[in-house]
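Here is the structure we will look at, set down as structure tokens.
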């Protein structure tokens, strides 16, 4: 059996890939556990595992640990990484290999889901990335901004008299400081994402024609929050990176 795994900054996401379908989805925070130990626990839960398709943002040391473990366990490891041109996506970054691998794989997933369409991919994790893809699979570029938790953390960490922020009761007319910081963080991020999408769409239409249709996709841990509060229409694809990883299965 095959397992696809996305190792993010704060959590592991995984799914079983069999008969061209994804199933048994998992999303597990690392908490205080080393990421490699969290991954090992998941791999041990599948004794018949033969192939692991993985993307990671955790650096070279983590990659070395995973490669060593998979070799020891006899698991065929496919390490998904950014490329100049792969799986139908042409990478136009100034230094293509420096593009975050998770961003590249998300673009591959968007290309798979929406072939021949212009796409804006918004990945809402610890950081939020907003990336543009043309109808023929050219990655045009994108931006990176802080994720939802970081919006409030950046304020409370520098102003010790402020309370911890709350994100579960948003209101633009907040009645206490924690609610005010949480609401500002949420609506600030939603507004930033909306504004960036609109600017990118405008630039795409200027470059490729004013009548093009653009699909907006949301993925990542906070995607549902952005979708709930945004005034724009998004395709909610929480497993977009895992879907993109399936395109690396035959490599």
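Yeah, the Cβs are placed from backbone N, Cα and C, and that goes for glycine too.
These come from TrEMBL:
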- 102: active site, proton acceptor (ACT_SITE)
- 6, 7, 8, 9, 10, 11, 12, 13, 126: ATP binding site (BINDING)
- 93, 100, 101, 102, 103, 177: substrate binding site (BINDING)
- 123: K(+) binding site (BINDING)
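Distance noted between the C-alpha atoms of residue 102 (active site, proton acceptor) and residue 12 (ATP binding site) is 12 Å. The DSSP secondary structure for residue 12 (ATP binding site) is strand.
Just so you know, the Cβ of residue 10 (ATP binding site) picks up 13 other Cβ atoms within 10 Å once every protein chain is counted. Between the alpha carbons (Cα) of residue 12 (ATP binding site) and residue 100 (substrate binding site) lies a span of roughly 16 Å. For residue 100 (substrate binding site) paired with residue 126 (ATP binding site), the C-alpha to C-alpha distance reads 13 Å.
For residue 123 (K(+) binding site), the same-chain residues that are 6 or more apart in sequence and have a Cβ closer than 8 Å to its Cβ are 102, 103, 106, 129, 131, 219, 220, 223, 240, 241.
Cβ packing within 10 Å was compared across the binding-site residues 8, 100, and the lowest neighbour count falls to 100. DSSP assigns residue 6 (ATP binding site) to a strand in the three-state reduction. The two recorded residues residue 10 (ATP binding site) and residue 93 (substrate binding site) have their Cα atoms spaced 25 Å from each other. Those same-chain residues not listed among 6, 7, 8, 9, 10, 11, 12, 13, 126 yet with C-beta within 8 angstroms of the centroid of the ATP site C-beta atoms are 30, 57, 125, 221. Rounded to a whole number, the C-alpha distance linking residue 93 (substrate binding site) with residue 8 (ATP binding site) is 21 angstrom.
Residue 101 (substrate binding site) sits 10 Å from residue 6 (ATP binding site), taking the C-alpha atoms as the reference points. Residue 177 (substrate binding site) and residue 8 (ATP binding site) are 31 Å apart (CA-CA, integer value). Residue with the densest Cβ environment among the binding-site residues 101, 126, 177: 101, by other Cβ atoms within 10 Å.
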